Ligand SMILES: CC(=O)[C@@H](O)[C@H](O)COP(=O)(O)O
Ligand SMILES: NCC(=O)COP(=O)(O)O
């Protein structure tokens, strides 16, 4: 079974747009769980453009499914995560000014850094996933750094999938995803995936990469919910993940 973790960043974007508390992020998270989400993901960025550090603190006692905190392991981020102790922490290499996540870790170049960070998080009992491009050459070093899981960065997949209707599919790119997934599971790394997954492209990815433990989806899901309603949308995404 592949779990759906709903990333609620963009609900916080809407809330912050007017400075009040609408939508109420805490209620959104609880409703997402009530509607069938298997987890809640947040990505508190340094500028707090959407999810604020206080949101993460307030969410902790309310989330009853899996709580996944994503982010770059700065001191402030690490202090927050170690205080909250979520079920999972997903490390991303995003610079502070990144408009969104747009690449995975170079696990070879940052091996020592990642080993230290992951060791600290795992000593606190937190499962660690690291954001990775579809690149087999970086998988072994993710394992030696101590990660429990990798999260396949699916931005390029989503972009290629959207083009496929009008252009020949880039099968090498998709083979890279399949080969990276295979290499990860072969050495005991569990597999997550995320970024720009949607109702259009999720089923194809899931069918061809069946080892998926979890997908974290936010932007497209929130956009779909505007038209289809949040409960209906979560159910539609869950249906795309059924085996
Ligand atoms: C790591 C990842 O792919 C997501 O956390 C994504 O970066 C969401 O971040 P934004 O909602 O700020 O785009
Ligand atoms: N890790 C991916 C995530 O949490 C959500 O990414 P997106 O669906 O907002 O692109």
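Glycine is no exception: its Cβ is also placed from the backbone N, Cα and C atoms.
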Additional site residue, 2, 100, 103, 107 [criterion: listed by TrEMBL with 45, 50 for 1-deoxy-D-xylulose 5-phosphate]: 100
Additional site residue, 31, 38, 196 [criterion: listed by TrEMBL with 7, 18, 218, 219 for 3-amino-2-oxopropyl phosphate]: 196
Same-chain residues at least 6 apart in sequence whose Cβ lies under 8 Å from residue 70 (active site, proton acceptor): 7, 41, 42, 43, 89, 90, 91, 92, 101, 131, 216
Filtered recorded positions, from 18, 43, 70, 100, 195, 196, whose Cβ is under 6 Å from an atom of ligand 1: 43, 70, 100, 195
Among 50, 196, 218, the binding-site residues whose C-beta sits under 6 Å from ligand 2: 196, 218
Shell of the 1-deoxy-D-xylulose 5-phosphate site beyond 45, 50, 100, same chain only (C-beta within 8 angstroms of their C-beta centre): 9, 13, 43, 49, 51, 98, 99
Close in space, distant in sequence - residue 195 (active site, proton donor), Cβ under 8 Å, 6 or more apart: 100, 101, 153, 154, 155, 158
